[in-house]
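Written out below as structure tokens is the structure these notes cover.
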Ligand SMILES: [Fe+2]
Ligand SMILES: [Fe+2]
């Protein structure tokens with residue numbers, strides 16, 4: 001792979017723009033309306049050969065036995081209310097709980113809130129992700145209430161995910177630290193803009209994407225949990241940690257699906273992993289916009305990278321983990337194109353780390369710069 005191509009992607013599309021260089025290095029045209037966001041590549045549709053739909057049909061009973069149990073029964077699931085001040089208590093007790101929450105939140109720095117808001121906005125664009133999964137041939141929910149196990153999974157997964165944005169949003173609202181109006185506008189813009197992960201209606205690509213993405217969100221929420229704990233807010237740490245645990249369970253489900261595809265169709269599945277990794281995994285909120293900053297996603301990503309919430313190293317770690325989990329290095333029975341994909345993917349983590357080392361070296365020589373975020377009343381943080 002050309003290093004220049006990778007550097008471009010690293011700065012423009014991943015949630016880990018190299019420190020000091022990423023945001024300034026790319027210029028994306030701001031969306032003039034909620035539906036006019038720019039697209040990063042030619043959109044390809046229905047790339048899975050129609051006969052491969054049968055693969056997913058033949059795996060339905062396997063999915064019922066091996067994927068659906070990874071959803072939790074509703075009465076065993078946590079709900080946002082359990083982590084928030086209790087409005088059914090007498091008003092003065094409720095106000096005390098809110099006051100305690102705000103005291104704890106007051107210890108955390110602005111840059112922490114930029115990252116937490118970005119994560120919350122990403123969660124809140126959930127309608128986009130359910131739509132994306134329902135673009136996938138052979139596994140989509142054909143009726144909206146289909147009893148098919150693939151469709152049941154998608155609805156159950158969405159229902160679990162729906163708690164994440166709810167909880168973070170309410171916490172942020174009560175904290176008083178952020179500009180909810182700008183956050184709400186950003187969510188509306190983002191849902192209007194959608195996302196463009198390059199999955200081509202192809203469930204092979206779709207499930208590689210979701211495996212990677214769920215692990216990435218687990219890493220990110222895990223790190224916001226750690227920082228909240230260090231910053232003196234154990235309740236917020238528990239909130240982020242609880243969400244991270246859901247993401248891990250979801251990652252396990254999607255990675256299990258890809259594992260199965262590698263078993264029943266090693267060549268096809270290996271090519272899919274190679275294809276997604278060549279395109280790079282685009283973060284789901286890559287089209288975020290607040291009506292002001294045309295480079296909002298890059299700026300948010302730069303803060304996440306700088307704070308160690310989601311970094312280039314994390315990207316390489318996730319890929320390395322999936323290579324190990326899917327035993328890609330040892331995969332045999334591949335044809336020429338499958339072997340090529342295998343070689344590319346297995347060498348990629350090392351190449352990413354090298355490129356990032358160079359980007360870090362360059363960034364060290366640059367002066368840190370301030371960036372204003374509307375989400376925190378246009379105060380400035382270092383990117
Ligand atoms: Fe989530
Ligand atoms: Fe998730």
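The first residue you see is number 1, and the count goes up from there.
Heads up, the Cβ atoms here are built off N, Cα and C, so glycines get one too.
All annotation found in TrEMBL is predicted automatically rather than curated by experts.
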May I ask you to find which of 247, 251, 259, 263 TrEMBL records for the Fe cation 1 site already listed with 123, 161, 164? 247
Please state which member of 184, 200, 214 TrEMBL lists alongside 161, 247, 250 for binding Fe cation 2. 214
What are the non-local neighbours of residue 247 (Fe cation 1 binding site), defined as same-chain residues 6+ apart in sequence with CB under 8 A from its CB? 214, 215, 217, 218, 221
How far is it from residue 164 (Fe cation 1 binding site) to residue 250 (Fe cation 2 binding site), counting Cα to Cα, in Å? 13
Taking ligand 1 as the reference and 6 angstroms as the Cβ limit (strictly under), which binding-site residues among 164, 214, 250 are close? 164
Cα-to-Cα gap, residue 123 (Fe cation 1 binding site) vs residue 250 (Fe cation 2 binding site), nearest whole Å: 14
Far apart in sequence but close in space: which same-chain residues, 6 or more away, have a Cβ under 8 Å from residue 250 (Fe cation 2 binding site)? 70, 157, 160, 161, 210, 214
Starting from the Cβ of residue 123 (Fe cation 1 binding site), draw a 10 Å sphere and report how many other Cβ atoms land inside it. 25
